[in-house]
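Engineer: Per Swiss-Prot, the feature repeat 'TPR 1' maps to 35-68. Feature annotation from Swiss-Prot assigns region 'Disordered' to 106-149, 274-300, 358-379, 414-525, 556-582. Marked as repeat 'TPR 3' by Swiss-Prot: 142-175. Sequence annotations record features per position, and here Swiss-Prot assigns repeat 'TPR 8' to 636-671. Summarising the annotation, Swiss-Prot assigns repeat 'TPR 12' to 808-841. Summarising the annotation, Swiss-Prot assigns repeat 'TPR 13' to 843-876. The repeat 'TPR 14' annotation in Swiss-Prot covers 878-910.
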Amino acid sequence: MEEIMIQSIDESIHCGLIKNALFLSERLYASTANEDNLFKIAQIYYQMGKINQCLLILQQHPQITMIKNLYLLALSNYDLGNIQEAESSIIKCCIYFEKYFQPNNNNNNNNNNNNNNNNNNNNNNNNNKDKCNNSNKNNDSNNNSNSNNNENEYYGIYSDILCEFDDIVDINSISYGFDSPCSIGSVYYLMGLISKRKNQKEKAIKYLKKSVYTYPFLWVAFEQLCNICPDEIDISDLFSHTNLIHQINHLNQQQHQQHQQFQQYLSNSLNQNKVNNNNNNNNNNNNNINNNNSSNKNNEQTITSTVATGTTNITTNTIKPNNFIKPPYHPNHRVGLTPSSFYDSSIHITPINFKASIQQTNQQQQQQQQQQPQQPSQQNLQKYNNRYFVTPQTPLSHITPILSNRFSQNVVDPIPMVMDTPDSKGSQHPPSSNSQTPYTPSTPGVHHHQKQQPHQHKKSAPPSQMIKKSMSNEFDTPMSLDLKSPIFTTSTSSDVHGFTSSTSKQQQQQQQTKQQTTTTTTTTTSITDKEVLLTKTKKQVNFGKTEEFSLKSLSSSLSDDDYDEENHHYQQHHHLHHHNKSIDELELEEDDQLNITDNSVQPNFYEFDESSILDFNGGDLYEGLIELHKGQTQLLELFFILADSYRLLCLYLCKEAIESFKRLSEEQYRTGWVLTKVAKAYHELIDYKEARSIFQEVSQMEPYRLEGMELYSTLLWQMNEDAELSYIAHKYSEFDRLSPYSWVVVGNCFSLQRDHEAAIKLFRRAIQLDPDMTYAYTLCGHEYLANDELELALNAFRMAIRCDPRHYNAFYGIGLIYYRQEKYNLAEYHFRKALSINESSSVLCCYLGMTLQHNPNKIQDGIDMLYRSIEIQPKNTFAKFKLAAFLFANQQYHHAIDQLLEFKEIEPKETPIYILLGKCYKQLGELDKALDSLNTALDLDPKNSNYIRSLIDKLPLEDEDDNQDYFQLN
């Protein structure tokens, strides 16, 4: 029931039925109240946007230990502004991953540490309390390097958290469902956001870098990193393919070692068991021959005794390696491929279990039998070696199967892969007591009867059908069937994987003619226990959960004491159950279970192409890994270009950023996100026409994109495009009223109409929707500045800096306030601070030069800064005019006239140009040119006619105050 409910919850979420998923998750938690099911309820509430409900659900739990619940608790607190509570939860996750997900750098050290851990377990358990009470002491006497000492000091601060982890028996179980690279990276990312909010810059940089190192595709973490320190980022280090593989292997190194150790352990077990079977082969043959004339009851006892003998050989004669570590066990762990957790989420190892592949494999087998009739089928055995570590990932393998009426009404026992039934006509070739039977590897679930010759099935199952039978058994076993025998009990290398190797008809006929004996009877435990365990396991769909091995259950099953008794009862029942059925019934059951009969109703499985099936030991897996490697390389190359371009834009190297974005392919470049960043770069370069055309293209290409439109509205405000600004304000306000970008656009529209009060209300509405929207605070500050509310403007700009320390517009706004208040030293400081962030800003250089002019000791520095502003942006008319005014004040009239004439070519209708030109010509004695310039100014600006006429009247006279009013000419 629990498996069905979990699958139903996942399907409901996938179909957008959130309320139905919430109802099912509540039923699931009522049935089984654990942290895993609690996470499902809280996660659904969080996805619905009900953060308060999510927080209360998690807080009501008496004790939260699982990492995914701690992460969701911290995320909810962060969204609600509870920064301290969020940090207390997320720090546990960070310490856990930093402490327990760091494999040693040396394999030799790993082996030595494993041996030392086995010898020091008792001492560590006895010293847990001492470690908690004495947190300042070094717990590891072997740490002699400075890095290890610093690590001990770091963990000593959080000794209480480490003590909580020490009390947990299975430390790896608390990260179940949340141990993928993306999950670990998201934990570090949230810790970086919290540190940034607390103004802990170094700590924020540390965790944001760890986030990108752990999972390079976590783009939001890289964006935050660029907002803090773009000059400290090494793109080649963060988005290197070698670094990605290193990080993935770094996270999974311990799991790989356990995997290899367990493979070696099973290999040693199989090799020694094979030797024992060879030594006892003659005795077994004699016992089997003597038992051929016995009754069915004696026959069953012989089979049972053989099973018990095989089990004893395995459990008593196998040798464990010294460095074998029993891996951590979690009841919900599933079997999966483990080259790395990243590959687990990308590759699905699928067995051949479809009709097309069965027919093709059958034809190939018949051809091989005709070409090599005498060769034993050892290749088929070798082909499927080491396949027991692969979970069948069929399209519907995670869905509880729908059984037929026969299976749903009766107690179902799994049908063996190859079942020999007694011949109704009796034995035609009685066995000879003097004949010797060659050794044959045993197969699971196969009973060769000693009383008579094995019956030849009408349809010989090829290896593909055997695989399909085993896989169908693995997923068709009812959940109510609860067998507790071990999962794997092996006697040879052929039966450990759960696959059967049958002898062809030609080989059996040759053996009947020459030797007239039956094959050796060696049986193993049924694979039913493995099927039941895999059926009962859960499949969690969480934040990037990867599938892992249930190695503890595999290793511990080899030494269970109650194995013999349970296997004895099961083999008895299993043997008698199939002896009571005819051959036709067994074939019908096999066809019904395989669903390959022509007239049967086919289940709604997805069609799989056989070319997509990956062989674990063949070339297909190698080719698949190569394709995966190519895909990762291509994705990292794309991320490298995007990251490099975005970093350049954050450094306000706009020309370089535009060229870097052009390295993208046409498909990637013609996207809304990229074009928005390119338009922003042109806007910073004061190329308003190009930026406007790009924004218009984005608005038509992706009308749903609102991010970046706030900058588009500011551009229209600067260009005084009232009609277009009103149009997009109406458009986006109707499209999404819950978006802060929509309200910023509307606010700019009212600001252009000089309705500053309405604009302030709209900007504050945007801040309510997104308290971290830096640009809304900045625009709100400018509106307060327009209303001469300087204190409110200062508060708004400071809030913007708090959200983004590199937002130079906020520093520029504070500098304007201090400049208006004639606090030139403070104004200079903030202008320089803004200029240190954006060194290519012509406006900042201009205002800094204006500020320096008021310092008598820095007048020349001010002039140089204005020249720099014009050099950065030659069309910056405001800088040209201010430079001309400075030159006029310093009696450099010819240079001032040159700047004014350049300004006149760009903006020929600006009145201040002609007024200042008239003053310059007057000082040079060229009164005719001065009169012409002043008359032109009078024609362009009749409103200031009184001031201009007074200048005309004073042309023949010397005016001592002419040098004092040039700043009024704006």
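Residue 1 is the first one shown; counting continues down the chain.
Even glycines carry a Cβ here, placed using N, Cα and C.
What's the neighbourhood like for each of these?
Structural biologist: Over the repeat 'TPR 1' (35-68) the predicted model carries a mean pLDDT of 90.
As a summary of secondary structure, the repeat 'TPR 8' (636-671) carries 27 helix, 0 strand, 9 coil according to DSSP.
Away from its own ends, the repeat 'TPR 12' (808-841) comes close to residues 652-654, 684, 774-775, 777-778, 781-782, 785, 790, 793-794, 796-798, 800-801, 847-848, 850-852, 854-855, 872 of its chain (Cβ-Cβ under 8 Å, at least six residues beyond either end).
If one looks beyond the repeat 'TPR 13' (843-876) by at least 6 residues along the same chain, the residues whose Cβ comes under 8 Å of a Cβ in the stretch are 685-686, 808, 812, 815-816, 819, 822, 824, 827-828, 831-832, 834-835, 882-883, 886-887, 889-890, 906.
With a threshold of 8 Å between CB atoms, the same-chain residues lying at least 6 positions outside the repeat 'TPR 14' (878-910) that come near it are 842-843, 845-846, 849-850, 853, 859, 862-863, 866-867, 869-870, 916-917, 919-921, 923-924, 940, 963, 966-967, 969.
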Engineer: Where else in the chain does the repeat 'TPR 8' (636-671) make close Cβ contacts, counting only residues six or more beyond its ends and a cut-off under 8 Å?
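Structural biologist: Sequence-remote neighbours of the repeat 'TPR 8' (636-671) are 216-217, 219, 222-223, 226-227, 230-231, 233, 235-236, 238-241, 244, 677-678, 680-682, 684-685, 701-702, 806, 808, 837-841.
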